[in-house]
Amino acid sequence: MRLHFLTNLAPLSVGRKLFWALFTPVFVISMLTSLFLLSTRFDDLNRQLFERTKQITEQVATTSEYAIVFSDQNMMYRILQNALSNHDINSVQLFNSEQKIIAELGSAPTQNNMTFTEESHIIEYDDHLESMSAIYYANNSLDGIFNAQTDLFNPTNQRNLIGWVKIEANKSAIKIAKYQYASLIIFSLVLLNILTILGAYHFSSHLTQPINKLAMALNKLVKGQFSAAKLTKLPPEYAELQKDLLDLTERLEHHHEELIIGIEQSTEDIRRSMDSMEEKSAQLHIANREAMESNRLKSQFLANISHEVRTPLNAILGYTKTLQKDIVDPQQRLYVDTIEQSTNSLLAIIGDILDFSKIEAGKLNLENNHFNLKALVDDVYQILSVNLLTKEKQIDLVPEFCADIPEWFVGDSTRIRQILTNLIGNAIKFTHQGSVRTKVSIASQTSQEITLSFQIIDTGIGIPEHKIHRLFKPFSQVDTSTTRQFGGTGLGLVITKKLVEQMKGKIEVSSDPSIGSTFRFTITLKKSNKTSQYKQKLDRRVLLLEPSTTYKNYLTAYLDSIGVHYVACSDIEQIISTLNKQHDAIDAVLLSVTPDDQNTTEARELIAYCAQQYAIPSIMMVQPPGQIAHYPDLKSLCSDILLKPISQDRLYQALLHINKAPIELLSQKALPSANHEHLKNLKILAVDDSPVNLQLLNHWLTPAGVKVSTAYSGRQAVDMAIHEKFDLIFMDIQMPEMDGMETTQQLRQLKHYKNTPIIALTAHALGSEQQQILASGMNAYLTKPIDEELLFTTIETWRNNTKTFQDQVDDKLINIFDLDKALAVVDGKADIAKEMFDMLADSLDAEKKLIQHHLEKQDTEKLIEVVHRIHGASKYTGTINIARHAGFLETHLKELGLEDADGVAEDFIEAIEELLNHRQLIPWPQSVNPTR
Ligand code: ADP
C-alpha cells in the first residue's frame, strides 16, 4: 500500500531537487546551532545565579557572626539589608542555634522544609533557589597547650555553631534573560532561513531555466513550430548549446518542408493512379462481362455442336453395328470394326468436351440414386478390361473392398462411374505389366453420410515428379509422345477432379516412374437404406490355379469370406496329383486361363480330364481379350466361364450353381437381338426430322415384328396420332417449327394419348433440359446415339407400364405441390389459385439469385427478408415443399444466423429448382388456361 503510494508520487523536478539540496543543509545546521547556543546560554545563566546566591549566603554567614554573638539587631538588619540589595534575592533569614528566626528581611519566604545541617547547601525549585549556610563563632584564645619543641603555645581553634542563614533567590530575572536570548536566536534563525530560501530558490531557478527553455524548444520542434523554437534565448554561458539548437531547428525545418512537398507529390500520384485504376476497373468489368458472355456462348456452342455431331454419329454407329452382323469378309469386317472404334472414341471425346463445358458453365447437377458400389466397380473393370487388355498386355485388375463397406449408397452413380472409368482406364492404359488395384475404404462417416476413400494403384510407367502439377490442367498431357501413343484429349483428369470436388472430395496423385502411380480420391455419399440379399456361406471345396500372386490373394480372401475351402495349386501337375489323391473331397476346379495358345490347350485338356475322369466341373477364369465365345468346345465341360476381372458376386453365383452349367445363358447374352417375339404387332410412332435416324429405328424395330410409322415433323405426328392409336411414341426434341416438347403437350391434349408412353430421343445432356423434357409430358428419354439393346429394354419397360401418365406426374408432384391446398385457400377458384401460383413461381428465379447473392455477402438480415417473403407466399400457393424448407431456413437464420446455414439454404434452393422444373406438370383444373 505504502509502496504504491510512493510510486504514485510525482517525481520532483530538477529545480525543486536543487532547491532542497541547497536549503536542507542550511536549515539543519542553523537549527542545530540555535539549539546549541540556547542550551549553553541557559546553563550559564543558571550557573551564575547559583554562584551568586551561594556567595551572598556565605558572605551573610561570615558577616553576621559578631552580630549574633553580640545580639546586635541593627547590625544584623544592616547585613541583611545589604544582602537584599541584590535584586536576585527575595528574602534573607537568620536563625539562632536553636533554629529560631532571629532576623529576616524580604518577601515572605516559601515554606519549605530546609534541613539544618552544618554543611552549606542549595536546593533548586521551579521558580526559586534556597541556600542555607551554618554560622560559626571562632574562639581563638592563647591559653592553649604549650609546645615544648617549638617553645610556642598552640593556639586552640574552637568553632561554635551559633546559627544559620537562609537565603531565597528568585529565578524571574534569569527567566527574562532567557526569553530575551531565545527570541534573539529564533529571530536570527528565521531570518537566516528566509534568506536561504530566497537564495536557494533564486539559485535553482537560475540553474534550471536554460534546461526548461531547452525542453520547451524541443517541444516546439516536435510540434513543428520551428520559428517559435528559433526564438529561444539561452544564457550566454550556453552559447554553444544555443547555436546547436538553432542548427538542429533549421535542419529539421528543411526536412519538414521536403517531406511536405514529397507527401503532396505522392498524394497527387495516388490520386492519379486511383483515377486510372477506376478507369481500368471499369474496363475490366466490361471485359469480364464480355468474357462471361463469350464463355456462356462457348458452352452453348459446345453443347450445340455436340448435339449436332451426336446426331450423325448415331446413324454411323447404328449402321456400323448392323453391318458388323452381316459382313463375312474379314477384310471388310476389319474396316467396319475400325469405323466403330473410331466412332466410339469420337463419341467419348465429344462426351468429355460436353462435360467440360457443362462444368465450366456451372451447369453440372449431380443426381441422387441408389446404387451398388461393388457392382459398379466390377462393371467398370469389366468394360475396361474388355476394351483395353490385349494378348500382349496381361495385367491383373483387382478390386479390394474393406470389409466394413456397405454395398448400397445414394449418389450420382453415372458420375462415379465416369470418375472410376477415367482413373482405372488411365491406369490400365499406362501399365504394361503388373496390376491395377482399386482399394476402397471408409474415410469417415456421420449418421447420414459416408466419405469413401479410393486408391487406384498401378504398376505402370508412372509420371515424372516435375510433370505431376500439369495433370489436372485442361488439355494437358504429361508428354506429347505419350499422347501420340495413347491418344486422349487431356480432359479426363480435369473432369474427374471437378466431379470429385462436387462430391465434397479431394483428389491427389503420387507417382514414381520406377514403381507406378497411385491416384487417391475421396467422395462423400449419402447412406442408403437398401441392402443386398444376405449371402449364406457356401460349403464347397475347390482347387485353385491362379499364377498371379496379386489375383490369387484377391480370390483366396474372398473364398475365405464366403466359407469356401480351397487348395491353391501352383501348376497343372499339382492339380492333377491333388485330384488323384482327394477327388472325393473336391467340388470344383477354379482355373485361370491366359489367352496364349499353350496355356489354352493345357487348360482345355485339364478341364476335359477333370470332367471325364472324376466328373468334377471346372470354373474357367478367362483373361481378356479372350472371349467366352472363343472356347465353344468347353461350354459343356465347364460349369461356368468367368471373364476376368471377376466380380465377387459372379464368383459367388458360379460357386453356388456349380453343377448347373449356365453356359447357355451366357451365349444368349452374346446374341441380344434373338428374341423379340412378344413385341410383334406393337405399333410405334417414331418422330424425327432426320430421315437417317428414322431409317435406323425402322431397321432395328421392323425385324422384331414391331410396326413402325414415321413422322418427319411434330405437326405430322399430331395429325397421324389423331387418326391412329399408337402403343408407344419415340420423339426427337429438336425439330423445326414445332419441337418435341410442344408436340408432346399437344398429344397429351388428345383423349386417347393421355397415358401413351412418349420417349424422348435427345442429344441434350444438361440436367435442366432433361427435367424440362419430363415436365413437358414425356415419360422417359434415351440419349443419342441410341444403343440397340437399350432401345428394346426401354420398349419392354414402357409397354408393360400400367401406371397412367397422371399417376407418374402425381408421384413426382406429391412431395412438391399440393393442389387441394392451393385451391382450398381461394375457395376452389382455380383461376385465382393459378394466378397466385404463377406470381410466386415467376418470381422464384430472381429470388433464388437474390438468396445466392445474400448468402455470398453473408447478409443475414436481407436473407431473412427474402426467405420470409417466399415463406409467406408459399403457404397460400400449395407449394408445400418450398414452404417447408423456407420455414426451416427462416427459423435457422433467426436463431443461429448464418452458422451452418449452407446445407439448409441448399435444400431450400433445391426445393425452388424442383418446383420450377415440375411447374409444367401441375394438373390445374379445366377452367384454367393451359400452362405457358
Ligand atoms: P486423357 O483423356 O488424355 O487420358 P487425362 O486427363 O485422363 O487425359 O490424363 C492426362 C495425362 O496424364 C495422360 O495423358 C497421361 O500422360 C497422364 N496420366 C494419367 N494417368 C496416368 C497413370 N495412371 N500413369 C501414367 N500417366 C498417367
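Every residue, even glycine, has its Cβ placed from backbone N, Cα and C.
Pulled from TrEMBL:
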- 18-38: transmembrane segment (TRANSMEM)
- 181-203: transmembrane segment (TRANSMEM)
- 304-527: domain 'Histidine kinase' (DOMAIN)
- 541-659: domain 'Response regulatory' (DOMAIN)
- 683-799: domain 'Response regulatory' (DOMAIN)
- D732: 4-aspartylphosphate (MOD_RES)
- 829-922: domain 'HPt' (DOMAIN)
- H868: phosphohistidine (MOD_RES)
Same-chain residues near the transmembrane segment (181-203), Cβ under 8 Å, at least 6 residues beyond its ends: 18-19, 22-23, 26-27, 30-31, 34, 37-38, 41-42
Collapsed DSSP category at H868 (phosphohistidine): helix
Structural state census, the domain 'Response regulatory' (541-659) (DSSP three-state): 60 helix, 27 strand, 32 coil
Number of helical, extended and coil residues in the domain 'HPt' (829-922), per DSSP: 80 helix, 0 strand, 14 coil
Confidence summary for the domain 'Response regulatory' (541-659), mean pLDDT rounded: 81
Three-state composition of the domain 'Response regulatory' (683-799), taking helix and strand from DSSP: 58 helix, 24 strand, 35 coil
